[in-house]
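Peer 1: Sharing a structure below in structure tokens format, with a few things to ask.
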């Protein structure tokens, strides 16, 4: 997709989907999964999306053609409708309730203003949750300018609320490709103001600064990148010797990977299936393809609700884990005829083939929780002998000549992205990690970080976790001096070796 | 609510709720819970409710004032818009896929037409699922006339589809009280046609026939009643010596109670909470008030997804079960300050008091899975010092003067009724039970049933269950002659004594 | 077995098993399962059996030939060795710690001595747990004389401890059939003392009194019977019009059935399999025959530890429950080749046939948790082409000519009886129920109980449960007056209708 | 303990425990846990230990003073009683049934005899399971000489069986310290035979060769070490520049750590508690100290059986995992008064202090699943005001002056080591890993491994796992060429990056 790797003159082909990042040119081996999470807010048709309150009533004028001023008299922003600010503020306040880690970070660090002097350009989904992140950065002393990393995912009222309080935001739901780059440029290119930090999700902003404003890029103190794709592009830059600033890979931190994937999928698989199909889980025969973190999360939840789950795997270690966890390990073709639900979580392509779709029983539900939209060979279903019937939003019945129906969810795109919500609490973990990465890079003594891509130090991972414990009223035990000595540990951590598997 | 116990001249006070049955005058000791299920389709604002497709586009003319004719030329029906029939047909077909027990019953019994000669008046929710029931009765030889038991729950397009195929249906979504009784009367009072069976949900139809058409009533062969309220009214009639026909209490059959309550709530508690609040279950502190079947279902599901659940109980036996199942048994006041979620499942009133609401922590979610809307003292929250803020459909924030917010779902009405869906499979069990009860009463030799209220014979309960086993590809074992003799059982059942607890 | 239904002159054939009750002539339809529990202490080879401390060191003289006197100078008892009293006392004290309900009952009722005047003859297993029961009855004012209901299950040191404190006990481990009846007679036939209450487990004592001392029998105020067999015999007596005293059927009380079967088996299936085979549960394919309470308990535990469990059923309702609980319902012959473990819980005979044993894979474990030793056709394995190899106590390898081994546990007798322990807590529930039944019958106003077999009133079931809640620090909620009125309940219970299924 | 680091002249102080390795001088930060597993067979009092069959009947003559010859005429061994060989053979055969991975390895590699020419000296526990390992090495072409790594853990009959088939074994149960080193020396020092591979568990053999036979040591091709302690000593040697041969650290391989700790503890915590205390798990309040793999395993199992579990942690990441998994995170002192069971799994010292022991309630069970015997401050309980009462093997009641009893298991040593069994299947995984490590080191082309300590290549970890899949009838899926290319993977693995957390 163009705006993910667009270099101005490239021919842009919009995929017919709101889940644009999925078409990334850069599939990478590890951590692909996280990609999906980074754009979870793009789920524009989600039941709970507050955005739906306001969209339909909006006029058709492009925000670029409107003259808007916030109550402070500033017009340094471009949003759909600044008058929605109040409604957006309420959404932000609701989000704050589940993001107390960031609020707590504001309190702990506010006195010292660790980001005083930071000038951050950011490019993320613009949602209530990222608004809490942005306002945290501001509270810690930073100046921020922001733009959207996805043309569909902006909550217009949240953008308005941010603009109203003085954060220059350039984003609205339903941007064109041209709008997208225009916004990025407006975000970066401000007379008398020069960014010294980049917070990116996908790498487009980074790329734009690198290409269009090389002198700015060289003076940046650090880049914080959240997505698989963006991280991949940074590694490529680094490999090519062109990364002249330190970058922090937030995507592969423990807190993000273990919590975002395992725990989040444990809940969203149920949510996604229910909202689309009203299926009763009890007694359903389910095959989950792939027993990584995502697969583990799906299997745990479905089994807990009475489904009979088996899995497929290519990796014998994960397969052995599945055995010990009580799941039969099968080949898809062995069981496909009996299954009520087929879920892919592999990150691979053509995991469910047309031949297997042909053999499914009537009413079988097929969906994808893994990477991109390649796991199910949906293309093979677009053939003349099959009839597609859209029965609900995100739900298609594919009808075979003999009347058999297969229920395809989200056209094979990510189910939890399209048909469920991501709990604010999980987003809080990621946002806190991003905030700490910004603080770390901005304040690191010269020389600590070179022109390379870094993982967050384990101690900061632990700090992110500790900021979230009060949500659960969890009380950590402290090591005594004697115990710390016995264990050879510092009382304040880090508590585990880097290779610890959790 | 009038139409639940309306005797014509009674003053009608409409409650400000779509869940009208909840205001029944007749709380009864056992089985109250089932009440909720019987009107689950009334969930008009449910995400998945197909009804929403069509409602907004409809005109304002009352169906009573419209002249409509189906393609067969009949005008013996009254629905919102007969033209929606095709859309309704698709909804029925989707429902059929999960109601294969009824389809199977059609096949097994079709040759013999066990309901040939049956003239059934029915009064139930009119949804895709009840349509499958009605069309099954027709397939088995019955003539049916139908009306709605709830003024809000009718799926207009389904009513249209039924009317189109020749079933005289008198129902639409949003009837007035007057409409309600008009529809019932039109259903019963058809020249040249006299009902000999009643299938009721709530007892209104039964009452109307009893009061207005006593001569018809006397000649009825049997009544099948599904709801707690309706069953209660039948028992009262019987006690008063006025029940001159046999009646079947479907509400208390095993298949209905164990499956509808335990398994259905296990799923709907998660669904209801997710759709309204996007809550992450992991690590949440939850108190469930009441450890009956509904409470058991809620606790099982929440614990399975990582919530930390404790319960309250008045009955020491249920409390001891909770202990053995791993739930702490507490008094609500002991834990109320720490809870993230409070769920009532008691069937009692004022289980959550204003005092306890005052002590909840900021962000605490309160909802009701039990009977009626009395469990949470919602009335006490309508006081001037508290601000109500509707943040989403079915979600209110109650704001205390100090800023504390309590999240109240569905205004204390049934969460699963208002905010989640009921799986078709569960409805299939109930519908099959109703169909078998009709067949049994209609065909019973004279004298088998007297003028009393009966439970379905256990053997028929077992038959209902057996019709649903193919859904799970479940294979029953058959007793050998030798084994049957050893056990003192008939090879075809019943397999358990009546008092067996399952 | 003679002593189960012995009528004096009958020819006695000792089965080659310590589990004598299993050969009862009277299989009954309901509740057979409980039979097993009533003699659980007979597990003489259990690892934890304290009895093993003392047995081997004992001399060979029959207790009947010894002259023993306790420290109070009494010789009105007959036990193995009165000198073991101190060791037995410690065992009783350990048991008391988990039977606080009885201790609490002693305290609550002690002032009033509700059993003052009661003269109880008892016939139960004589173990630390029943000792706590007996001493509770004494503390409440009763005079007790006791004998054993099983010739193998007596803990000699416990019998000594009871005798030492003045309870005339007539029992030792390893009685002969003749000893058995001699002990019963000595227990009943005491000059100047006439029993007015009978507490029985199996019906032998009752039968003896009925036959040998009809004049005593007629004046008895009540009989409390715990076992399936005993209850069956009482119902037969009643049917024949010969039961001239009221009897209480403790076997079918809720607290006994639900807790003893479901929860106890949930734990003992794991314990029994581990102690005998050291099996790792994770990933094992298990088939459980029968999904009643026992089967449910087994399935829950095994699934929780990672086994892959399927079930067989004859009853479609239980089968449907299994489906909803996430277990595949199969016929045994369909899966027998793949299974690692086969467990029977049906109460039926020949559930596992020789043909199926022939088809099992090498190393398959076969055991029985159900009724008696008939479920597995063990007799068919005693054929010349098969080799039996005893590899451990209670563990036989049956070796096929091709080298295949099937691992048979406890020779097909009850696994949890033979190879695991029954938690004291569960025994406490039963013992408390027995104590309350005695109090109720002894104190009931004339006319409350006729010459019939009764179930314990639900309110007393609830009381038994409530006495056990402090073990879990569980806090019951009390109904307010308003709530009790709304529910139509008495604040002190009973809280559920009799047919409530829990 | 001397034999862990004894250099001949050192003063030896035997700890009063059979778990000698626990007193290692070398506590190391990571992986301590595994230590326990390496000597699991030392559980001499385990119910299932076959050793108990023969011990008591043995004479008192030291094996060193006996002249024994096997049926092949060889006397190059020293075991307790060569006549027990047949019984030992049966134990080995039973073990083989659960170690099919090794049998399968024999078959796959047998043609090529990959260990032809290998002369292996080994020092491990000598049990049926290690016998399967040793005989696998022999089957693959190796010559083996073996000795025991623990003076208590040898199964005498297994040693006899090995000796009978021609493996020179020097080991018996109950060696003296002097015996221990004598055996090691006899194992290494054989005229005309020089070892070229070392397989060690604890590092004693390695140390002996290094010190006493430096010329042999230099020519060794590789060392395979399983234990934490031994690995630690290798790293120290390496750090000191004295490790002149490559060594393989088997202890930290994925298959060993994830399976041995998580899954094994999930089962052994239940087994250990049941065998010692007959506790009923349902409703018990349990605190687990430490939420690493061991803690996770314990918590999962206990929760699954109805216990109410909370945890303590020092690491916020693990604490957050506990929250998401549904366990309250507390400080021990906050909950100690309410707990029924306290379990330590931290690897730290004084996690349970005397002060906390003082505050426990009557009957509280305390045990240790973690490292060594330091977690519970048992020493503090050996004070005059407290009475110790041994109620069963491995079970002490500590009695406070007020009568309160605390139930201490295994005197604070490892519960699963002392009171439960380790499933053969888990040992199979470790043994297979050892065998592959030997093959790899012996056959590696020169230069692949330097004089350093290595982890097993991930591909071999995957191979170990794949060899165990047939046990579960698990069917791996194979990547298509197209898929492998898309993923950037080799079709045969490795499938994950090294840092993958599983």
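One-based numbering along the chain as shown.
The backbone N, Cα and C atoms fix where each Cβ goes, and this holds for glycine too.
Feature list, courtesy of TrEMBL:
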| type | residues | note |
| --- | --- | --- |
| REGION | D:1-72 | region 'Disordered' |
| COMPBIAS | D:9-23 | compositional bias 'Basic and acidic residues' |
| COMPBIAS | D:36-55 | compositional bias 'Low complexity' |
| BINDING | D:127, D:201, D:226, D:256, D:260 | substrate binding site |
| DOMAIN | D:261-422 | domain 'S-adenosyl-L-homocysteine hydrolase NAD binding' |
| BINDING | D:292, D:293, D:294, D:295, D:296, D:297, D:313, D:416 | NAD(+) binding site |
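A description of the local structural setting of each listed feature is requested, covering burial, neighbours and distances.
Peer 2: Over all protein chains present, the Cβ of residue D:256 (substrate binding site) has 25 other Cβ atoms lying within 10 Å.
Residue D:296 (NAD(+) binding site): 24 other CB atoms within 10 A of its CB, across all protein chains. According to its DSSP assignment, residue D:296 (NAD(+) binding site) is helical.
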Peer 1: Considering Cα atoms only, can you say which of D:127, D:226, D:256, D:260 is the nearest neighbour of residue D:293 (NAD(+) binding site) among these binding-site residues?
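Peer 2: If we rank D:127, D:226, D:256, D:260 by Cα distance to residue D:293 (NAD(+) binding site), first place goes to D:260.
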Peer 1: Over the domain 'S-adenosyl-L-homocysteine hydrolase NAD binding' (D:261-422), what is the model's average pLDDT?
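Peer 2: Summing pLDDT over the domain 'S-adenosyl-L-homocysteine hydrolase NAD binding' (D:261-422) and dividing by its length gives 95.
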Peer 1: Of D:292, D:294, D:295, D:313, which is closest to residue D:260 (substrate binding site) if I measure between C-alpha atoms? They're all binding-site residues.
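Peer 2: Closest by Cα: D:294.
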Peer 1: Are there binding-site residues in D:127, D:226, D:260, D:292, D:297, D:313 whose CB lies under 8 Å from a CB of chain A, and which ones?
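Peer 2: So the ones by chain A are D:313.
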Peer 1: Which one is it: of the binding-site residues D:201, D:226, D:260, D:313, which Cβ has the fewest other Cβ atoms within 10 Å in this structure?
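Peer 2: Among the binding-site residues D:201, D:226, D:260, D:313, the sparsest Cβ neighbourhood within 10 Å belongs to D:260.
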Peer 1: Any idea what DSSP makes of residue D:256 (substrate binding site), helix, strand or coil?
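Peer 2: The three-state answer is helix.
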Peer 1: Can you check what DSSP calls residue D:201 (substrate binding site), collapsed to helix, strand or coil?
Peer 2: coil
Peer 1: Counting across all protein chains present, how many other Cβ atoms fall within 10 Å of the Cβ of residue D:127 (substrate binding site)?
Peer 2: 27
Peer 1: Given a 10 Å Cβ-Cβ cut-off, pick out the one of the binding-site residues D:292, D:295, D:297 that has the most other Cβ atoms nearby.
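Peer 2: It comes out as D:295.
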Peer 1: How far is it from residue D:292 (NAD(+) binding site) to residue D:256 (substrate binding site), counting Cα to Cα, in Å?
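Peer 2: About 15 Å separate the Cα atoms of these two residues.
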Peer 1: When a 10 Å sphere is centred on the Cβ of residue D:293 (NAD(+) binding site), how many other Cβ atoms does it contain?
Peer 2: 24
Peer 1: Looking only at D:292, D:293, D:294, D:295, D:296, D:297, D:313, D:416, the residues listed as binding NAD(+), what is the longest Cα to Cα distance in Å?
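Peer 2: If we measure all Cα pairs in D:292, D:293, D:294, D:295, D:296, D:297, D:313, D:416, the largest is 21 Å.
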